[in-house]
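In Swiss-Prot this protein carries:
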{"type": "BINDING", "residues": "R21, E87, K126, K461", "note": "(6S)-5-formyl-5,6,7,8-tetrahydrofolate binding site"}
{"type": "BINDING", "residues": "232-237, 251-257, 276-279", "note": "GTP binding site"}
{"type": "BINDING", "residues": "N232, S251, V253, T256", "note": "K(+) binding site"}
{"type": "BINDING", "residues": "S236, T257", "note": "Mg(2+) binding site"}
{"type": "DOMAIN", "residues": "222-384", "note": "domain 'TrmE-type G'"}
Amino acid sequence: MIDTIAALSTAQGPGAIGILRVSGSLVMPIALAVLEKNQKPLTETFLQNQKRSAIFCDFVENGKPLDQIVFFYFPAPNSYTGEDLAEFHLHGNPLLLKRALHVLFEKGARPAQKGEFTKRAYMNGKINLSGAEAISRLIEARSKYELELAQKNVFGEITKLSSKIRSDLISLKAECEAEIDFSTEDLTFESLEERKNRMVALKNLCSKLIKDSERAESYILQSTVVLYGEPNTGKSSLMNLLIGKDRSIISDVPGTTRDYIAEELSLDGIPIRLVDTAGIRDTTDNIEQMGIERSKREADSANVKLFLIDTSLPFEKQSFLLKHKDRLFGSLIVANKIDSKHPSWHTESIHDIQEEFQLTISEISCKTKQGIPELLELLKSKLTSKDDTEDLVLLEDRQRYHIQKIESCLSEAIQLMENNAPAEIYIQEINVALHEIGQVNGVVENEEILGRIFSKFCVGK
């Protein structure tokens, strides 16, 4: 008998609907014990005839209706877990859901562990390990790019690629074994050059997969964008404008921002940590100076530095360069306050700086919001300098480890072939590579590894 598990499958907190999921051998007895329709208990025959259909009925506790619900019954093996599975769709009041879940426990279910439903799906062959990890990534995705990459894996991109690698490895192994076993027979085998070329192509596929995954990783890692510059250039105003709330104090008094302030936001699906820093200036105030030093460290470690300058002040090229030359390199220059631009800030002066230092300059006004959409597009291109995610694939750390091992095995096998080693020697590397590719999709016997993977899930998944 398979023990029966139950858990809340929707998010914690109030909502229109809350779903309780139950899986295991006691699904039918539990359902019959807690469901009524027109004040009459449901029958097993009725539920079997209504499988995979929505049944409107009452959920009862101690013979009294607790809630009007929609019930779904999915008999094995045609369910998410591969076991008998049921879903109770109740109104999404947390107290109501807690009481209903307690009733299910009283009738023989036990609380599910994190990821246990998906683990059962894996153990029953409904999904492979790559698919399970993709579901976890899909649920936890924090950005548009991560969601797109997770969706590709849910629909089997990793499985397809690893299946190709496995198929090619089996083909190589079969050719090597045939040569070893039938070397005295009058048979024709592929040339060593052809075999080596196949290994090189397979190794290159693994290398590309790893590199593509590293590129994909850059899409989903949070980027740090630092607003940097002298006091009163509009850093705090731009910070508040970009995050849509008054997070930084705005004042005409220099030195108002004494320390850096960080906020998280999403720029068209790109996760960003936006940092407003203390204005850079010479000061005798020790506390302000400490804030300036911390701001410089933040700027040095940023993915993108937005160096703000105040165009309402007079511009003189030589003094400007003398003051800011070291800060310009590696920065995206944001020329703020163009709504009140000083006459000395004519177009040629900006172009001169742009050409001399090969800089990108964005002209904006935080006051009128002029140039803000263009700045955001420029920032997005700086952060991504990315292509579309269409040709990329995202490997989990565990998967990447095994693909790297395969790449290493193939490199070793190629080296052995070039040194005229017999097939009996380099076939061992192919055998190890085959073991590693099995680990990618789920030929994993280690319970500790499985536990680590599925513990990342929420309880109801």
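Glycine is no exception: its Cβ is also placed from the backbone N, Cα and C atoms.
Here the features listed in Swiss-Prot are painted onto the structure.
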{"residue": "R21", "record": "(6S)-5-formyl-5,6,7,8-tetrahydrofolate binding site", "Cβ within 10 Å": "23"}
{"residue": "E87", "record": "(6S)-5-formyl-5,6,7,8-tetrahydrofolate binding site", "Cβ within 10 Å": "19"}
{"residue": "K126", "record": "(6S)-5-formyl-5,6,7,8-tetrahydrofolate binding site", "Cβ within 10 Å": "18"}
{"residue": "N232", "record": "GTP binding site", "Cβ within 10 Å": "23"}
{"residue": "K235", "record": "GTP binding site", "Cβ within 10 Å": "30"}
{"residue": "S236", "record": "Mg(2+) binding site", "Cβ within 10 Å": "25"}
{"residue": "A278", "record": "GTP binding site", "Cβ within 10 Å": "27"}
Per DSSP, three-state class assigned to K126 ((6S)-5-formyl-5,6,7,8-tetrahydrofolate binding site): coil
Inter-residue C-alpha distance, N232 (GTP binding site) and K126 ((6S)-5-formyl-5,6,7,8-tetrahydrofolate binding site) (nearest angstrom): 60
Residue pair E87 ((6S)-5-formyl-5,6,7,8-tetrahydrofolate binding site), A278 (GTP binding site) - Cα distance, angstrom, rounded: 54
Alpha-carbon distance [S236 (Mg(2+) binding site); A278 (GTP binding site)] in Å: 9
Cα distance (Å, whole number) from S236 (Mg(2+) binding site) to K126 ((6S)-5-formyl-5,6,7,8-tetrahydrofolate binding site): 52
In three-state DSSP terms, the structure that R21 ((6S)-5-formyl-5,6,7,8-tetrahydrofolate binding site) belongs to: strand
Per-residue pLDDT averaged over the domain 'TrmE-type G' (222-384), given as an integer: 77
Cα separation, R21 ((6S)-5-formyl-5,6,7,8-tetrahydrofolate binding site) to K235 (GTP binding site) (Å, whole number): 50
